[in-house]
Each structure stands twice: as C-alpha cells, then as structure tokens.
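Report on one structure; see the data block that follows.
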Amino acid sequence: MRNVVNDYFDVAVGIVRKAGRFITQYGSGCEEFEVKSCDIDFVTKVDKMVENFIIHSISKQYPSHKFIGEESVAGGAKVDLTDDPTWVIDPVDGTMNFVHGFPFSCISLALLISKEPVLGIIYNPLMDKLYSAKEGQGACLNGEPIHTSKVKELRHALVAFETGTSRDEEKVKVVFENFKTMVGQAHGIRALGSAALNMAMVAEGRADANFEFGIHIWDIAAGCLIVKEAGGVCIDPSGGPINLLSRRMLCAGRAELANELSKKLTQYYPDHD
Ligand code: LIP
C-alpha cells in the first residue's frame, strides 16, 4: 500500500504544481466571479479551470478513481464518499483572498481510500509553499519535515479561525460568541481566509490551533492528514472523533489544547455534506 500511495502522491504533486500556474496568473486578484450561496461566497473561472484540470489529469492516470470537487458539487454533483479511491479537491481555497489578491489562497487535494485520507497536499503557489503528507510518513513543507507546536494551554495559544462565507444569523452569532471567547482567553487570534492554510499553519507549528464550523470536506481533508502526520490532532469541535462530512473541525498541535478548546467553544451544527 505504501508504494502505491507514493506513486499516487508523486503524480498528484506534479499535477497540483501545474494547476498552480492558473492561480499565479491572477496573483494580483481576479475580478471575474459568480456569486454562489450569498454575496460573500463565490466562484471564479480559475476555480473551475483548476478543478477541471486536476480531475482530467488524474483521471487519465487512474480512470477508476472517483472525485469530490467543490465546484462539481456546486454544479449539482452529489458528495458520494465510498470506500473507493476518491480525490477530494478544493481548487482555490481562500477564494475571497484570491479575488482581492491577498496571497493566502491554495489548492487543497486529498486522496481518501476506505473513507480515510492517505495523502494530502496543500499548495499556495503565490508563496511557493507546498504542504504535504502521506499516511504514516510524516508531514512536509517543500519536502522538509514539519511539526506542530508544543503549546498545551489556550492562554498561550495562537488560534486561527474564520468568519466564513455565510450570513446566516445563527452562524454569525456563534462566530461572534467564539470570537469573544478567543479575544478573552487565547494568546492571539488570526484569520488567514483559507481553512486549508489555517490548518497548514498548525501543522507547521506557526499557529497552535484552528477551528471552524461550516467548512466542507474539500476544505479540510488534506489538512487533517497533514496536521496529524505533523504530530497534531483533528477532532470534532465538541470533542470526540472528527467526521469529515460534518462541516465541523477542530485541530491543534497538542491534544490538551484541543480538549480545552472543545470545552469552551460555542457549538454550531450545519447540515452535513
Ligand atoms: C473557504 C474556506 C474558509 C471558510 C470560507 C470558505 P473557499 O473556502 O477556506 O476557511 O471560512 O467559508 O469555505 O470557499 O474559499 O474554497
């Protein structure tokens, strides 16, 4: 299994690096976009180009593999996760950043076999940072090993979280309640605007924890493996095992910090993917 995953990984990295060129062509911003669920949730032509390129390129190598892509789902495809090898794609994670030319956008790609990630890639071509992990083989940034931080207490932790792309009143209320908790109890808070890159910061030890409600499997599948392979934990924000389809995620460099956070967060339960 290890050898075949290594082959899948090598093919995927080459494809993702090529796809990154679509993003760097618009590094100063992309003003051509369509609104999706609300005025702060949208898709650009680059999202679609990247996703189509990745699906086409991988399908040529592995015709029996399946795909779950953010924009394919937005176009009506169902999130049908089976035990078959399934590539989960966020073609441009941090679309708001991408539209504005704020350089924290990335391609997030994971391969799941029997519903578990076996490889994950998060690539920010604007900063040439490729975060990756293969199951049981550690996590890397541009090929060099990375490790999560040792911070165990919220009062010493830099915590990343997002306002999200929903104007839903209940969701916004939860965002503000958790923002207030973090302002009062965390060492610091940051919002990069990309779920995957927030998780990459945790994997690299530059942030100590990250949580978010309302994200999708394509935002977090790669990041969950990369954080775990870097020595961290990914759990449900209320504690307990993570469900990649639940649209809820909490990750941290240390289990003690994740457990403290899970007890202090105001919870939100969106519909599953
Ligand atoms: C985004 C995530 C971000 C979240 C937004 C949105 P997109 O993904 O990366 O963390 O807050 O709601 O889901 O839409 O840029 O691919």
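Every residue, even glycine, has its Cβ placed from backbone N, Cα and C.
Long-range neighbours of D219 (Mg(2+) 1 binding site) (same chain, six or more residues apart, CB within less than 8 Å of its CB): D90, D93, S108, A195, A196, E212. D219 (Mg(2+) 1 binding site) carries a helical DSSP state (H, G or I). Annotated Mg(2+) 1 binding site per TrEMBL: E70, D219, in sequence order.
Here TrEMBL flags D90, D93 as Mg(2+) 2 binding site.
Candidate binding-site residues: E70, D93. Fewest other C-beta atoms within 10 angstroms, E70. Of all the Cβ atoms in the protein chains shown, 32 others lie within 10 Å of the Cβ of D90 (Mg(2+) 2 binding site). For the recorded site, D93 (Mg(2+) 2 binding site), the DSSP three-state label reads strand.
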